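A.B. asks: These came from Swiss-Prot, pasted as-is:
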- ASP638: active site, proton donor (ACT_SITE)
- HIS581, HIS585, GLU634: Zn(2+) binding site (BINDING)
- 76-732: domain 'Peptidase M13' (DOMAIN)
- ASN94: N-linked glycosylation site (CARBOHYD)
- ASN115: N-linked glycosylation site (CARBOHYD)
- ASN191: N-linked glycosylation site (CARBOHYD)
- ASN345: N-linked glycosylation site (CARBOHYD)
- ASN627: N-linked glycosylation site (CARBOHYD)
- SER7: phosphoserine (MOD_RES)
- 1-37: region 'Disordered' (REGION)
- 684-703: region 'Disordered' (REGION)
- 1-47: topological domain 'Cytoplasmic' (TOPO_DOM)
- 48-67: transmembrane segment (TRANSMEM)
Amino acid sequence: MEGGDQSEEEPRERSQAGGMGTLWSQESTPEERLPVEGSRPWAVARRVLTAILILGLLLCFSVLLFYNFQNCGPRPCETSVCLDLRDHYLASGNTSVAPCTDFFSFACGRAKETNNSFQELATKNKNRLRRILEVQNSWHPGSGEEKAFQFYNSCMDTLAIEAAGTGPLRQVIEELGGWRISGKWTSLNFNRTLRLLMSQYGHFPFFRAYLGPHPASPHTPVIQIDQPEFDVPLKQDQEQKIYAQIFREYLTYLNQLGTLLGGDPSKVQEHSSLSISITSRLFQFLRPLEQRRAQGKLFQMVTIDQLKEMAPAIDWLSCLQATFTPMSLSPSQSLVVHDVEYLKNMSQLVEEMLLKQRDFLQSHMILGLVVTLSPALDSQFQEARRKLSQKLRELTEQPPMPARPRWMKCVEETGTFFEPTLAALFVREAFGPSTRSAAMKLFTAIRDALITRLRNLPWMNEETQNMAQDKVAQLQVEMGASEWALKPELARQEYNDIQLGSSFLQSVLSCVRSLRARIVQSFLQPHPQHRWKVSPWDVNAYYSVSDHVVVFPAGLLQPPFFHPGYPRAVNFGAAGSIMAHELLHIFYQLLLPGGCLACDNHALQEAHLCLKRHYAAFPLPSRTSFNDSLTFLENAADVGGLAIALQAYSKRLLRHHGETVLPSLDLSPQQIFFRSYAQVMCRKPSPQDSHDTHSPPHLRVHGPLSSTPAFARYFRCARGALLNPSSRCQLW
């Protein structure tokens with residue numbers, strides 16, 4: 001589009017040049033116009049020189065015009081990264097579809113049956129980590145790098161894992177006192193076994209205990225006690241008939257585990273059945289989160305002594321002290337409990353079992369541990385788990401999980417235990433200083449556009465606008481990876497306690513203990529930094545309310561979403577819209593009922609209703625639905641994020657010439673901007689969309705585009721077309 005504007009101005013410029021030549025040639029004194037005989041040779045020479053000078057000026061002016069045209073107009077980007085992106089767009093889009101009626105299919109029509117764009121990028125990032133881990137290097141002995149590579153290789157050594165068989169797991173069971181299933185059981189103290197399971201193996205059979213922020217003081221850590229994480233779907237989410245089938249399948253799975261560990265089939269059946277009975281009774285004690293929140297019982301502060309009175313079967317002090325070493329706990333230590341009634345009922349059940357069926361209680365705990373550790377065991381355990389997952393997904397009408405290669409599992413586990421080490425290696429290769437600098441410049445442009453936009457929102461008064469602008473100005477941004485993750489000297493210290501054993505299971509258990517100790521230690525720092533909720537190679541950005549920081553991991557700022565060599569239209573349309581979306585989450589509280597008392601609530605409510613009606617009017621593919629009460633905040637961030645990114649891009653074009661385009665697409669820079677935005681949303685609709693806080697992919701494309709007048713202008717959409725409605729909403 002810029003090139004076209006430039007060519008329209010060219011004739012006017014040349015007309016002015018011609019005029020200059022005419023004026024120049026007429027400049028002469030009255031004396032020179034007299035017919036003096038002796039001056040004729042000089043006059044001829046002067047005319048020749050004048051003509052040469054005029055021709056030279058015209059030539060220079062033409063060269064200048066050509067140079068400006070070449071540098072201001074959109075030139076095709078012929079680099080390898082641009083050609084790869086061009087091919088990606090051509091492969092995923094269906095340009096036979098009219099963009100003004102179905103831009104999602106225009107951009108994603110051939111990509112509907114593939115994974116979504118974010119999943120594809122996540123897989124690429126894991127492949128990069130795989131290549132890093134499989135390159136032979138000479139690392140400093142005992143370093144985090146050496147241990148990470150050794151752990152990955154141990155995970156990939158399936159021959160050694162198969163050869164070890166159940167031996168390493170049997171040793172663990174013996175250390176815990178054994179169980180009746182194998183015929184060897186020592187009647188140990190129940191709380192001693194529970195303490196070992198929690199502190200040494202990261203297994204919590206009856207409740208969950210973890211460190212989290214204090215409800216009233218987000219930067220103060222506090223131990224939190226919650227319902228356990230069950231290995232089967234919760235009963236309230238399933239119909240009664242399906243619920244019974246689910247437990248039958250789970251019983252079959254537990255029988256397989258007991259048999260694989262050498263148990264007598266009749267004993268295995270008996271103990272597995274009672275384990276299922278215990279789980280079923282624990283299910284009955286659960287109360288939904290919404291109910292607890294409505295009753296004001298989701299965050300209850302109690303001391304360890306008080307908890308001991310409520311649930312006396314558990315030795316809370318010794319179990320928690322062992323789990324959260326090096327914290328120093330006392331009976332007066334305050335805890336946050338998320339379901340007191342569950343803990344009371346759970347304690348009564350444990351006391352009943354200890355009186356009558358202590359050995360079955362031991363088997364229940366051991367079976368749960370075997371389930372937890374099964375990913376580190378041989379192929380027989382893996383196959384049993386795969387069959388259970390397949391059956392459960394069929395019963396709950398979920399699509400089958402695609403088979404995952406072994407390397408991906410090993411990359412993920414290595415990343416869990418050695419995140420700082422892998423973060424440094426990943427960032428060094430995929431997010432160097434020049435890439436980070438370009439990403440920060442993009443973020444600055446997006447942030448400035450948001451601040452400008454806040455000044456013109458009709459539903460904000462001046463005081464609220466100033467408050468909002470200050471909040472954006474004070475925001476911290478962490479780009480690529482946290483500083484903590486990129487300090488190799490810290491990584492070396494953190495891994496000193498990891499002892500990689502002779503079996504893969506032993507190595508996993510050592511890493512589990514080390515990771516738990518590191519998490520506790522990080523919470524105990526006097527001035528803790530923001531703890532990232534994602535790994536640097538992940539593809540999810542987020543905003544932390546408690547720390548007022550926005551995080552963009554290096555894994556997100558990769559092709560096809562971002563690259564310093566891409567046309568600016570691509571970076572602003574894809575990564576820029578994501579950045580703007582996350583920034584708008586700073587103000588989600590203002591959009592909630594009563595969240596902005598100083599705002600023009602009538603205008604705000606009208607904008608709410610307008611946006612909801614706007615999204616409800618769009619047609620959806622069959623078997624696709626969404627809940628507008630769940631998706632409203634994300635819809636608002638999608639619409640506003642696109643508008644802010646476009647505003648930032650338009651300002652960038654005014655200040656910086658020389659934009660490029662992707663060759664062979666026949667799209668202007670502005671059209672590429674919108675295409676890049678839509679490309680981010682490419683994925684197949686899912687039945688789970690009805691429970692998602694994000695709208696289905698069609699709506700995430702069509703909702704924001706139809707709310708943006710510039711889209712209809714650049715794609716020349718007829719008035720009244722689906723993506724050029726007669727009226728629009730403005731919230732942000």
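Heads up, the Cβ atoms here are built off N, Cα and C, so glycines get one too.
Explain the structural surroundings of these features, please.
C.D. replies: The Cβ neighbour count for ASP638 (active site, proton donor), using a 10 Å radius and every protein chain shown, is 27. Secondary structure at ASP638 (active site, proton donor), as computed by DSSP, is helix.
Remark: HIS581 (Zn(2+) binding site) has ALA637, ASP638, GLY640, GLY641 as non-local neighbours, by Cβ distance under 8 Å and separation of at least 6 in sequence.
Under the DSSP three-state reduction, ASN94 (N-linked glycosylation site) is assigned to coil, being neither helix nor strand.
Secondary structure at ASN191 (N-linked glycosylation site), as computed by DSSP, is helix. The Cβ of ASN191 (N-linked glycosylation site) has 16 neighbouring Cβ atoms from other residues within 10 Å, across all protein chains displayed.
Counting only residues at least six positions away in the same chain, the Cβ atoms of PHE285 sit under 8 Å from the Cβ of ASN345 (N-linked glycosylation site).
Around the Cβ of ASN627 (N-linked glycosylation site), the number of neighbouring Cβ atoms within 10 Å comes to 13.
For the region 'Disordered' (684-703), the DSSP counts in helix, strand and coil order read 12 helix, 0 strand, 8 coil.
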A.B. asks: Same chain, outside the region 'Disordered' (684-703) by at least 6, Cβ under 8 Å from its Cβ: which residues?
C.D. replies: 102-104, 107-108, 112-116, 397-399, 614-615, 618, 620-621, 623-627, 630-631, 633-635, 638-639, 677-678, 722-723
A.B. asks: To the nearest whole angstrom, what is the C-alpha distance linking GLU634 (Zn(2+) binding site) and ASN191 (N-linked glycosylation site)?
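C.D. replies: Between the Cα atoms of GLU634 (Zn(2+) binding site) and ASN191 (N-linked glycosylation site), the distance comes to 46 Å.
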A.B. asks: Other than HIS581, HIS585, GLU634, which residues of the chain come within 8 Å of the Zn(2+) site, judged by Cβ distance to the Cβ centroid of those residues?
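C.D. replies: Same chain, not in HIS581, HIS585, GLU634, Cβ within 8 Å: GLU582, LEU584, TYR588, LEU633, ALA636, ALA637, ASP638, GLY641.
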A.B. asks: Given the glycosylation sites ASN94, ASN191, ASN627, which one's Cα is the least distant from that of HIS585 (Zn(2+) binding site)?
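C.D. replies: So, spelling it out, the nearest of the glycosylation sites is ASN627.
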A.B. asks: Pick the one among the recorded positions ASN94, HIS585, GLU634 whose Cβ has the fewest other Cβ atoms within 10 Å in this structure.
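C.D. replies: Among the recorded positions ASN94, HIS585, GLU634, the lowest count of other Cβ atoms within 10 Å belongs to ASN94.
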A.B. asks: Report, in whole Å, the straight Cα-to-Cα distance of ASN627 (N-linked glycosylation site) from ASN191 (N-linked glycosylation site).
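C.D. replies: Just about 45 Å between their Cα atoms.
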A.B. asks: Average the per-residue pLDDT over the domain 'Peptidase M13' (76-732) and send me the rounded value.
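C.D. replies: Value for the domain 'Peptidase M13' (76-732), mean pLDDT as a whole number: 92.
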A.B. asks: Tell me the Cα distance separating ASN94 (N-linked glycosylation site) from ASN627 (N-linked glycosylation site), rounded to the nearest angstrom.
C.D. replies: 29
